[in-house]
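Participant: Sharing a structure here in structure tokens format.
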Amino acid sequence: MNSYGGWRSEHEIAFMPGIPLLMRGCGLVMATIRDAHTLTLSDTLIASAFLANLISLLAPLELYRLTRVVYPHYTPAQAAAPALLMAACPPSPPSLLVPYTEAVYTPLALMTARMVAEGSWLTASLVAFAAASTRANGCLLAGFFLYEILIRPVLETRRLCFPPRIINRIAFASLGTIASFAPLGYTQTEAYARLCPQAPFCTRTLPLAYSYVQGTYWDNGLLRYWNVSQIPNFLISLPVYVVGIVAICNPHMTLRALPHYVLHTLTLILLLCFSNVQIALRFATALPPLWWWVAAHTDSRLARSFVAWSRLWGCVACVLWAAFLPPA
């Protein structure tokens, strides 16, 4: 999908409509300010890049606020440490500076998790819908609603019984789940209506255009990326996977932190086994357990090495992105 409306090529089905729509809106605002009668590419790029920069600034703030909610015993300085590290050493800084999915998805995903934990379930559903409109994996945010609203109250009481106001809880959990899956469901329904019955995926048991496009145009699928030609991409993203796995093996686990570690683990498995492994460089900013571990182990060689590598690779990534070279 492009910012001028609609899909032009089949492979664009893999991209959610949120960012193109946001870019188009920014371009229209810029054109209005210039008192222009037509929307130009320059209007779209300049205005959307400016907005993406502003929105991405919310990511460290939301990580700080989320940390205060998940670990209420932390001092402000302890809660600020992961946010400062994420702001100073993101493995893929260009993706936070341009009108790209991570610039918008990361703060919205962190905001969703925080709001659900705080009990602002209706607002969290709206934010989850916005986040899921930018990335297909936003549907996984549904897990926060199911866990915080229905599962955690049972775990806290350690009794297999219904939590208070069970009807309201089921309603809000359902609303959050629907909001998280709605954007992906819409794009798949539209793709099926437009491409079937001619497209190859139409005859599959589960006719998902997303998995078909990912496999056809990006060669994604179970271990399909595990070949000799992709060794450079594995090496480039290796630090994120190493620290991410170490964070799972050495968690600072509480009932509030549990869904974050579950999503963290699931994301790493999906990226490592089913996707382009270098995407982990961009996804890292949306993985709180990674930053929680680094901030809690700044005296360890691994954490210091990760910070040093992130600084170095961040500079290299800016050059690669500018030339649209891998892993851009």
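Residue positions begin at 1 at the first shown residue.
Every residue, even glycine, has its Cβ placed from backbone N, Cα and C.
Relevant sequence annotations retrieved from TrEMBL are reproduced here:
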type	residues	note
TRANSMEM	13-33	transmembrane segment
TRANSMEM	45-64	transmembrane segment
TRANSMEM	231-249	transmembrane segment
TRANSMEM	261-286	transmembrane segment
TRANSMEM	306-325	transmembrane segment
Participant: Would you confirm whether the transmembrane segment (306-325) and the transmembrane segment (231-249) meet the contact rule of 3 or more C-beta pairs below 8 angstroms, pairs 6 or more apart in sequence?
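Facilitator: Yes, the transmembrane segment (306-325) and the transmembrane segment (231-249) are in contact.
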Participant: Could you tell me what the rest of the chain brings near the transmembrane segment (13-33), counting residues at least six beyond its ends with Cβ under 8 Å?
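Facilitator: Contacts with the transmembrane segment (13-33): 1-5, 7, 39-40, 43-48, 50-51, 99-101, 104, 130, 132-136, 138, 183-184, 186-187, 191, 209-210, 213-214, 217-218.
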Participant: Cβ under 8 Å, sequence separation of at least 6 from the ends of the transmembrane segment (231-249): give me the contacting residues as numbers and ranges.
Facilitator: 91, 225, 261, 264-265, 268, 272, 276-281, 283-284, 287, 289-290, 292-294, 302-303, 305-306, 309-310, 313, 326-327
